[in-house]
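Q: Take a look at the following structure, please.
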Amino acid sequence: MTPEQGIKRRKFIGVITVLIVFIIAMFFVSLSTGVIQLSPLDVLKTIIGQGTDKQELILFDFRLPGIVLALLIGAGLAVSGAILQGVTQNDLADPGILGINTGAGLAVVLFIFFFQDTFSMTSTISAFVMPLFALIGAVFAAFLIYFLAWKEGVNPIRLILVGIGVNAGFSAALIIFQLKMDPQDFRQATVWLAGDIWSANWSFVFALLPWILILIPIVLHKATSLNVLNLGDDVAAGLGTNVERERRLLLLLAVALAGACVAAGGGIAFLGLVVPHIARRIVGPTHQRIIPISTLIGALLLMLSDTIGKNILAPTEIPVGIVVAILSTPYFIYLLMKTK
Amino acid sequence: MIAAINHSRFLKIIINIAALIALAFAIGISVAYGAVDIKLSTVWQAVFEFDANLTNHQVIQELRLPRACGAALVGAFLAVSGAIMQGMTRNPLASPSVMGVTNGAAFTLVIMLAFFPNVSNLGLTLASFTGAGIAVVLVFMVGSYSSNGLTPAKLALAGVAIGTLLSSISSIISLHFHLEKEMSFWFAGGLAGTNWTSIQILLISGGIGLFMALMIARSITILSLGEDIASGLGQNNILIKILGIVSVLVLTGAAVSIAGTVGFIGLIIPHITRFIMGTDYRWIIPSSAIFGALLLVLADVVARLINAPFETPVGAITSLIGVPFFLYLARGSGGGK
C-alpha cells in the first residue's frame, strides 16, 4: 500500500466513523422530539426497559419503526441513485427524475385500487405484497424508459428526457386512478405520492429490511463493474467487460432498491441524486467507497428530513419527500449549472 | 424542430377558418354535454333567445358557457406563450409547464390565499403573474450561469427542479394553512370554477398579452433564425426579448390563475402549428391560439365524460396527450446530441 492510499483509507474510515456518530446522535434527537417531547434521559431509560408504559408505546410502536424505515429507505434510494449515475454516466440520474418512483407508485396505487377489498392495507400481508407490486411497477417503468430511449444505443441525455416524459405520463395516470378511489384509499394513495412514512409500522420495516440487507452488499460486490462502466462504454469493453450485461444487471439492482423503497416510503425524489454527489466529493470516484458512504449519508439525510418534517411546523406534519425536495433541489440546480 | 410544409397563403387561411368552425362546434358540444345532456338546439336558443325561466338556459348561461369559453381562452393563451418561448429560445422543449412557470404561478397563489385570504380575483391574477415571473427568472438564471447554456435537456431539468422546489414550498404552506383542497384544484388543473368574472379577467389580461405577442410576431420569426442574424438585420433583440417575456408572463399568469397547471398544451400546439403553418410567427401565433383553444375545449369535454359524474382534472388529460409527443421530441431533436 502506498502512503497516499494509506491516507485515503484512513480518511475513508474517518468519514464513516463521523457519519455513524452523526446517525446515532440524530437517532436520539429524532426519538425524543415529536408532538410529545421526551428527554434524552427518558429515551435511554425506555430503551433499556425502565420507561413507563406510555413512553414505551410512543417509542417502540410509533417513533422507532418510522425512524428505522427512514434509515432503510434513505440508504436504499441513495445507493440506487449511485448505481444509476454510474451506469448511465449521467450526473443527473435519479430514480425520481427517471420516473422509476412514479412507476412503482402507480403499481402500488393500482394494487390499492383493485385489491382494496381483498386485503386490509395496514395488514401484514399487504406490507409484504406491496413492495412486490412496487418492484413490478419500477421494473416496468425502467424497461419502458430504456426501450423508448433506445435508438442505436442509449444516450444519457435522451434517457433523462424520456424519463421526464414517462414520469409525467405516469403522474397523469395516477391522478386519474386516484380520483376513482373512495376517500380512505385516496388518502392511502396520497401517502405514496408525496413521499411520506408516517403510517410506518414494524411490518413495513420487516418487509423492507431483507431487500436492503441483501441488495446493498451485492451492489458493493459489483462496485468494480461500476468503476469500469463509469469510464465509458468503449474503455469498459476494451477492458473485457460485457458492457450491456453488466449494465442491465446493475440497472436491475438499482430498480429493485428504488421499487422496494417506494413501496415503503413513497416517491421521495432528489435524495438518490444528491447523496452520491456528496459522497463522491468526500471520497473520490471509487465506487467501493461511494456505495458505503452513500448508504450512510442517505440514511442520515432521510432521518434528518423526517425529523424536520415532523417538528418544524408542528402540529402540521410535512411529508418527508417535500422536506427532501426543499433541502436538495438548490444543490441539484447548482449541479445543473456546473455540469456540461 | 419539425420540418414545415409550405402551404400556400390561401390554404393557410382555409385551415384557420376550418379550425375556427371546429372550435365553435367543440364549444357547442362542451356546452351540451354534462351531468344533464342538453340538445344543441337548446344551446343555440339559450345563447340567442335567452329565457331566464328555463333551468337549462340558466345552466348554459351561468355554468357551461363560461366554462367552455374559459377553456378556449386558457388553451389559446398557453399555446401562444409556448410558441413565443420556443421562438425566442430556439429550444424545442420550451413551454410554460416544462419550465416550471405554471408551478411558479400556483406558488404565489397559495401565498396569497394563506396570508391574504380576502384577496380579490384581480389580486390573485396579479399574484400568478408574479409567480410565473419568478419561475421564468429562476430558469433563465440557471441557464445563464450554466457552462453550456440552456440545452433542451438542461432546460427540462431546470424546469423540473424549480417546479419541484416551488410546488414543495406551496404544499408546505397549504398543509399548514389547511388549503389542500384549494391547492389540489390548481395543481390538478381544472375549469370547474370558471364564471363570467374570471372570463373578464382572462379577456383583459390575456388580450393585452395576445396583442403584444402579435405585435412582436415578425421580430420573433427573425429571432428564431438565430440571434446573430437578427442583430445583423438591425433588430433590437433585447427589447423583443423583454416584450416577449412580458407577454409570456401575462398569458401564462392569466391562464394559471383560472385553470391551474394545465400541462403540455404550450409544448405540443406550437410544434403542430409550425408543422402546418410554416416558420412565420405572424401565422404561428394566431393559429396556435385557435388550435390551443380547440384542444383544451375538447380535453375538457373528455375530462368531464371519461369518469362521469366525477370530473377528471383536465391537466391529467392534456398530460396524457402531451407525453407521447414530448417523448417524440426527446428522441428526435431534443436528445439527438
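FYI, residue positions are counted from 1 along the chain as it appears here.
Each residue, glycine too, has its Cβ placed from N, Cα and C.
Annotations per TrEMBL:
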{"type": "TRANSMEM", "residues": "B:12-36", "note": "transmembrane segment"}
{"type": "TRANSMEM", "residues": "B:65-85", "note": "transmembrane segment"}
{"type": "TRANSMEM", "residues": "B:97-116", "note": "transmembrane segment"}
{"type": "TRANSMEM", "residues": "B:122-143", "note": "transmembrane segment"}
{"type": "TRANSMEM", "residues": "B:155-179", "note": "transmembrane segment"}
{"type": "TRANSMEM", "residues": "B:199-217", "note": "transmembrane segment"}
{"type": "TRANSMEM", "residues": "B:238-269", "note": "transmembrane segment"}
{"type": "TRANSMEM", "residues": "B:281-302", "note": "transmembrane segment"}
{"type": "TRANSMEM", "residues": "B:314-331", "note": "transmembrane segment"}
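How buried are these features, and what lies next to them?
A: Cβ atoms under 8 Å from those of the transmembrane segment (B:65-85) belong to residues 23, 27, 30-31, 46-47, 91, 94-96, 99, 191-192, 194-196, 198-199, 202-203, 206, 209-210, 213, 216, 220, 244, 247-248, 251-252, 254-255, 258-259, 262, 265-267, 269-270, 273, 281, 284-285, 288-297, 299-300, 314 of the same chain, restricted to positions at least 6 beyond its ends.
Long-range contacts of the transmembrane segment (B:122-143) within its own chain (CB-CB distance under 8 A, at least 6 residues past either end) are made by residues 96, 99-109, 111-113, 116, 149-150, 154-155, 158-159, 161-163, 166, 201, 205, 245, 248-250, 252-254, 256-257.
Same-chain residues lying 6 or more positions outside the transmembrane segment (B:155-179) and placing a CB less than 8 Å from one of its CB atoms are 89, 91, 93-94, 97-100, 102-104, 106-107, 110-111, 113-114, 131, 134-135, 138-139, 142-143, 187, 334.
Long-range contacts of the transmembrane segment (B:199-217) within its own chain (CB-CB distance under 8 A, at least 6 residues past either end) are made by residues 66, 69-70, 73-74, 76-77, 80-81, 83-84, 121-122, 125, 129, 240, 243-244, 246-251, 253-255, 257-258, 281-282, 284-286, 289.
If you look at the transmembrane segment (B:281-302), the same-chain residues 6 or more away from its ends with a CB under 8 A from one of its CBs are 12, 15-16, 19-20, 22-23, 26-27, 29-30, 33, 67-68, 71-80, 82-84, 87, 191, 210, 213-214, 217-218, 220-221, 224, 262, 265-266, 268-270, 272-274, 312, 314, 317-318, 321.
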Q: Mind pulling out the one from B:12-36, B:238-269, B:314-331 with the most Cβ pairs under 8 angstroms to the transmembrane segment (B:97-116)?
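A: Most contacts with the transmembrane segment (B:97-116): B:238-269.
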